[in-house]
Amino acid sequence: DILAAFRVTPQPGVPPEEAGAAVAPESSTGTWTTVWTDGLTSLDRYKGRCYHIEPVAGEENQYIAYVAYPLDLFEEGSVTNMFTSIVGNVFGFKALRALRLEDLRIPPAYSKTFQGPPHGIQVERDKLNKYGRPLLGCTIKPKLGLSAKNYGRAVYECLRGGLDFTKDDENVNSQPFMRWRDRFLFCAEAIYKAQAETGEIKGHYLNATAGTCEEMIKRAVFARELGVPIVMHDYLTGGFTANTSLAHYCRDNGLLLHIHRAMHAVIDRQKNRGMHFRVLAKALRMSGGDHIHAGTVVGKLEGERDITLGFVDLLRDDFLEKDRSRGIYFTQDWVSLPGVLPVASGGIHVWHMPALTEIFGDDSVLQFGGGTLGHPWGNAPGAVANRVALEACVQARNEGRDLAREGNEIIREASKWSPELAAACEVWKEIKFEFEAMDTL
């Protein structure tokens, strides 16, 4: 069975047992009345069952309802169909004041019907020939308004300075000021020029997201013809069907696939309604993607440490034990489904590098947009500063130093022999984003 953990807030006067019992049939075989066609099938075989209800500690009138769904309810290899059933009509149910899907347990019998990520972590490292450290990226800014040639110039400067990747912002598709084909051409030129000068394999996340699946695949085909290593998709706004189609194309044609989660906070930010990001992360691992944005813990975007690391490990690891302290409601066995690299992006700069290296480890992408392009000396020096800071943190960690305790000292030591890093340290020494996370247990 697929197991689901729902946070249920019943309407006043509705017992939690009744609310939990209402969720199970509405998201499986039930309707509001008995119908004569019920007798033409075996409802006991197909109906969802609420098998346990427990109160949420510290919250009034909130309960976790556990529901089991038989696998025969779901089409194989379709995240779209799975979500249509589990989170379809039930969220509008009048007996419920609010409902949130906290977690899913996907059994191997179902997860094995999915291709999953086009390539996975190990294959990506082999393609890039980069090991033993996090990968470095940068989102090109301003996100909208640049011409294709100036955009390509910024890509080249960042890659030449030492970054592994640059990125289209999620908003960048094919607008009047920069059509997609022009952007792809200038970015490919920037990649090849930077590779020739540095001797390293480089990439730019070319956003293939489009208004139709046919147009999306056309853009991915052109990227493949240019010989670039990676494309990008906005998987929530683009949709799971489109994402799975693109993931299949990417595996068949040797392209890595970077996933942006634009629109996720509409779904996952409210504590008692919607769907937790760990569910969206599991769905993405099945639908397919080699990278996905996962918050930073220390930057400008939402993310509490233990909860963030809970779904980061769900993306990377083959097997994860139930751990309620990290928000993981079920033991999850991914069997041989490839892993996904978490991307830390949003309001981060060189002073965050020790914490990011310590929190996310080697199998991650650390992405500095303003933290690269905002360098007072320009884009390439901004990239140099980030690469020097990363190499210093990795070396210090490998020598046994404590990044959490000695991080600032490690950055100061490195800045003594890197003027680019010293300038970055001076610019961003006072920048902090200290707001309380909404996503707490």
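Quick reminder: no glycine exception, Cβ is built from N, Cα and C everywhere.
The substrate site recorded in Swiss-Prot includes ASN89, THR139, LYS143, ARG261, SER345, and the single candidate from HIS291, HIS293, HIS375 that the record places there is HIS293. Each residue contributes its Cα atom, and for HIS293 (substrate binding site) and HIS260 (active site, proton acceptor) those atoms are 6 Å apart. Within 10 Å of its Cβ, the residue among the recorded positions LYS143, HIS260, ARG261, HIS293 with the fewest other Cβ atoms is LYS143. Each of the binding-site residues ASN89, THR139 was assessed for Cβ neighbours inside 10 Å, and the highest tally belongs to THR139. Cα to Cα, LYS167 (N6-carboxylysine) and SER345 (substrate binding site) are separated by 11 Å.
Taking Cβ-Cβ distances under 8 Å and a sequence gap of 6 or more within the same chain, the neighbours of LYS141 (active site, proton acceptor) are ASP169, GLY369, GLY370, LEU373. In the three-state DSSP reading, ASN89 (substrate binding site) counts as helix. Every protein chain considered, the tally of other Cβ atoms within 10 Å of the Cβ of LYS167 (N6-carboxylysine) stands at 29.
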